[in-house]
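To keep things clear, I will list the structure first and then write my remarks on it.
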Amino acid sequence: MAGGPIVLTSGAKEHPGKMTLFVFLTCLVASSGGLIFGYDIGISGGVTSMDSFLSRFFPSVYRQQMADSSTNQYCKFDSQLLTLFTSSLYVAALISSFLASTVTRVFGRKWSMFAGGITFLLGSAINGAAVNVLMLILGRVLLGIGIGFANQARAHSSVPLYLSEMAPAKLRGMLNIGFQLMITIGIFAANLINYGTASIEGGWGWRVSLGLAAVPAVIITVGSLVLPDTPNSLIERGYDDEAKAMLRKIRGTEDIQAEYGDLVAASAEAKSIDHPWSNILQRRYRPQLCMAILIPSFQQLTGINVIMFYAPVLFKTLGFGSEASLASAVISGIVNVFATFVSIATVDKLGRRKLFLQGGTQMLVSQLLVGTLIALKFGTTGVATGMSTNYASIIVLFICFYVAAFAWSWGPLGWLVPSEIFPLEIRSAGQSITVSVNMLFTFIIAQVFLTALCHLKFGLFYFFAGWVVIMTVFVALFLPETKNVPIEEIVLVWKKHWFWGKFISDDDIHVGNLEVAKHTIEAA
């Protein structure tokens with residue numbers, strides 16, 4: 001069926017549910033998919049700042065960065081081959097996510113995650129044993145395929161969406177952000193490992209850093225074998241009794257009939273949609289389509305991966321020594337982890353919008369200050385005039401302010417909000433678009449950053465600051481609050497919005513008790 005109303009049978013009331021040990025442990029295991037993603041982000045920038053790694057695989061870059069400070073410091077790491085080492089993973093993840101969708105539909109999500117863990121394990125082994133650039137790139141491609149499968153970047157089973165389906169509505173934000181928390185823990189662990197392995201005598205510490213990616217791979221592989229399906233997934237595949245049993249288990253109550261009825265109705269509507277990819281282009285889904293494209297794009301255009309991928313390289317560019325650059329990355333990694341707990345504690349109380357707006361403002365100020373401090377020291381020539389320890393510490397401090405703001409706003413919310421806004425009939429298409437756009441922009445930023453730093457110099461931080469202004473204004477005007485609203489009833493939020501409401505007609509919505517629904521949305 002091409003069209004038809006969005007069916008919400010029971011109204012947007014709050015379904016019974018509480019935090020149970022089972023749902024907590026389930027979400028914890030599922031969130032571990034973020035460890036793979038985070039470890040890779042942290043490890044790649046660390047090894048590319050190690051002299052032993054550069055001299056072996058990228059000798060021209062090594063010679064550039066060993067030049068004296070009278071040369072242009074902005075350009076000393078500019079190499080497309082070096083950035084390909086980092087970015088190739090995300091192209092592979094983007095492409096493999098489409099195959100992961102098919103595997104998930106045929107064999108189930110746990111086997112897709114299992115395949116991802118095994119592939120990531122193989123990639124880490126090849127990278128750790130690499131003797132040339134070709135082996136490095138091959139290992140990175142396998143790591144990307146592993147991420148595409150393990151996080152099941154398409155269909156109904158991406159990790160953030162899995163968490164949103166398992167969590168009670170009033171706890172959805174907190175449990176969903178577990179994925180981002182695992183990403184930050186992975187980054188921090190990678191930073192610590194890089195700091196330790198860089199001092200190994202013989203210059204083979206980078207092999208340990210790359211090879212230890214096997215640890216998060218083993219965690220997600222083992223975890224995938226015990227991870228249960230969500231009630232939504234069970235209903236879609238015709239396991240109604242199992243879906244009821246799972247719903248009772250994760251809600252901690254026998255009173256699940258109303259929520260079960262909503263899930264069945266939503267599933268029936270979704271099955272009547274023959275072409276979700278063409279359906280998402282319909283006018284009534286315009287709000288979700290715009291968010292599916294813009295939110296992941298904006299998340300990467302904050303410039304965060306400039307810090308996360310290349311923190312040691314960036315600090316080394318600014319005149320830090322090898323050990324100091326890795327230590328500074330560890331500091332920013334600690335801030336990243338602890339600031340994510342702020343989001344976990346506040347997202348279901350303050351809501352998504354307040355965190356977005358506060359975080360955007362703090363990121364803007366921090367980026368402007370960092371860009372200005374770099375400009376005052378390096379100017380447009382990139383020639384260092386000497387940097388005192390205090391001056392360098394101030395730069396690190398403002399970078400940490402920036403990282404903290406991202407960690408409680410665009411970091412977790414860039415995954416959370418897209419996972420909770422799609423009705424079931426377009427959920428597969430919507431989530432596919434969200435993660436594909438995220439991977440695409442991650443690849444672009446990773447590939448062009450070092451060249452952009454060479455040409456834009458300190459202006460690169462102003463460039464990202466400009467995008468932060470745009471995305472903060474966008475959130476203020478166009479993103480409605482979604483906290484505490486059941487996923488299947490988010491459409492009512494869009495209907496009430498001053499701008500998006502014009503795209504959704506009354507005929508597009510059918511709710512059993514519309515007055516109760518409106519009251520609940522207003523209260524949220």
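Cβ atoms here come from the backbone N, Cα and C positions, even for glycine.
TrEMBL annotations: computationally assigned, not manually curated.
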Residues flagged as transmembrane segment in TrEMBL, choosing from 149-169, 254-274, 359-379, 485-505: 359-379
Stretch-level contact, the transmembrane segment (325-347) and the transmembrane segment (81-99), CB cutoff 8 A, at least 3 pairs: no
Highest-contact recorded stretch vs the transmembrane segment (21-39), from 81-99, 111-127, 174-193, 289-313, 391-411, CB pairs under 8 Å: 174-193
Cβ-Cβ under 8 Å with the transmembrane segment (459-479): same-chain residues at least 6 beyond its ends: 290-291, 294, 298, 301-303, 306, 352-353, 356-357, 360-361, 363-364, 367-368, 370-371, 374, 410, 417, 449, 452-453, 497, 499-500
Contact yes or no, the transmembrane segment (205-227) and the transmembrane segment (111-127), 3+ Cβ pairs under 8 Å, gap 6+: yes
Leading contact stretch, 81-99, 111-127, 174-193, 359-379, 391-411 vs the transmembrane segment (432-453) - CB distance under 8 Å: 81-99
Non-local residues, at least 6 beyond the ends, that sit with Cβ under 8 Å of the transmembrane segment (359-379): 73-74, 302-303, 318, 385, 387, 391, 394-395, 398-399, 401-402, 404-406, 408-410, 457-462, 464-465, 468-469, 471-472, 475
Top partner of the transmembrane segment (174-193) among 81-99, 111-127, 289-313, 391-411 - counted as Cβ pairs under 8 Å: 391-411
Cβ-Cβ under 8 Å with the transmembrane segment (111-127): same-chain residues at least 6 beyond its ends: 33, 36, 100, 103-104, 135-136, 138-152, 157, 210-214, 216-225, 227
